[in-house]
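Trainee: Annotations for this protein, taken from Swiss-Prot, read as follows:
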BINDING   47, 69, 180  Zn(2+) 1 binding site
BINDING   48-49, 205-210, 229, 234, 298-300, 323-325, 375  NAD(+) binding site
BINDING   99, 102, 105, 113  Zn(2+) 2 binding site
MOD_RES   121  phosphoserine
MOD_RES   278  phosphoserine
């Protein structure tokens, strides 16, 4: 392409300060350096994490910043040493790297990478490239990256270990969802919770991640899937995707965990918390059965005070586990998930409620914050 080796000017949505609305600006995107790839983003989606970051509810984030981490695009150019992609390839940028060298990447027990193994402040990870500089500038000032992806920019630069090459015929307006929400929820049920055929499950939170977890539970063969959300308007879609029961805690006269225990005659086999608040986490654990109940934490809620538990809650046989990116070995697994989508093994289309031009990103955030959307796709 004629832009190879040159600075590209394009539009991006910048968060100049914490708690302030995004501003669409013209930014300069520098050429990729060694082991870096510059991508033209075709489609990007909104995730609640992006909104949480913009609202300054994550500690350690540096501003100004270009957020966004759920997208798909086309390789524009590559830096020296890049061998896994070439210009023109369709790709999905990934906040979960795979270096293939560290003890985490070499272990079958985890999908973490040493690059981000310290997740005390996840939003502050990968805000600069390997040489500790940014590839973005605006109005003469450097602009920070986000999660190593920064997909709210028409062009972005990522490390070659944060990138999955996908099939040439992939629909980028759908497979962009594999960059975070779907992969996280679906994988949590299959890879982390390891939901079993005939089991009973409870999924707390029916946003994009929660609905994906419902699909994962169904794919794993669960016989009963209880969806829980404070927005009853989400129940129709949840049932269409596999939920057998739906409960709104605000409509109940006793705690949700007590209701679930009564419904299931003792508690569910698997609970998946896709909301992340302290009360929801506790309810998810409490609604699991004694003996073998499993609770998987997926969501990270801003301002959560954590979870207080007592030993006797676990010594009766319950287990707690967490998930990062649904347990997928990112760069290796995403191409396979793209193929599975093409083969209709799961339904990404059902998660897409709106498609808007990128310039209407503020409208997309309003839809999400008002609970009127599941996933909105923004097109450049």
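Cβ coordinates come from backbone N, Cα and C, glycine included.
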Trainee: Looking at the recorded positions listed here (47, 48, 69, 278, 300), whose Cα lies nearest to that of residue 102 (Zn(2+) 2 binding site)?
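Mentor: If we rank 47, 48, 69, 278, 300 by Cα distance to residue 102 (Zn(2+) 2 binding site), first place goes to 69.
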Trainee: Starting from the Zn(2+) 2 site formed by 99, 102, 105, 113, give every other residue of that chain whose CB sits within 8 Å of the mean position of their CB atoms, in sequence order.
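Mentor: Near the Zn(2+) 2 site, beyond 99, 102, 105, 113, sit 97, 98, 100, 101, 103, 104, 106, 112, 114, 115, 161.
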Trainee: Rounded to a whole angstrom, what is the C-alpha distance between residue 206 (NAD(+) binding site) and residue 47 (Zn(2+) 1 binding site)?
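Mentor: If we compare the Cα positions of residue 206 (NAD(+) binding site) and residue 47 (Zn(2+) 1 binding site), the gap is 13 Å.
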Trainee: For residue 180 (Zn(2+) 1 binding site), which of these binding-site residues sit within 10 Å, Cα to Cα: 99, 209, 300, 325?
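Mentor: Cα within 10 Å of residue 180 (Zn(2+) 1 binding site): 209, 325.
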Trainee: Just the number: how many Å between the Cα atoms of residue 300 (NAD(+) binding site) and residue 278 (phosphoserine)?
Mentor: 10
Trainee: Would you mind checking how many other C-beta atoms are within 10 angstroms of the C-beta on residue 234 (NAD(+) binding site)?
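Mentor: By my count, 21.
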Trainee: Around the recorded Zn(2+) 1 site, report the further residues of that chain (criterion: Cβ within 8 Å of the mean position of the Cβ atoms of 47, 69, 180; site residues excluded), sequence-ordered.
Mentor: 45, 49, 50, 68, 70, 95, 147, 149, 179, 181
Trainee: Check the Cα-Cα distances from residue 48 (NAD(+) binding site) to the recorded positions 69, 99, 105, 113, 278 and tell me which is shortest.
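Mentor: Of all the candidates listed, 69 is nearest in space.
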Trainee: Which ones, of the recorded positions 99, 209, 234, 278, 325, have a Cα no more than 10 Å from the Cα of residue 47 (Zn(2+) 1 binding site)?
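Mentor: Close recorded positions: 209.
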Trainee: Taking 48, 69 as the binding-site residues to compare, which has the smallest set of other Cβ atoms within 10 Å?
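Mentor: Lowest Cβ count within 10 Å among the binding-site residues (48, 69) is 48.
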Trainee: So which of the binding-site residues is most packed in, judged by how many other Cβ atoms lie within 10 Å of its Cβ, out of 102, 105, 209?
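Mentor: Ranked by Cβ atoms within 10 Å, first place goes to 209.
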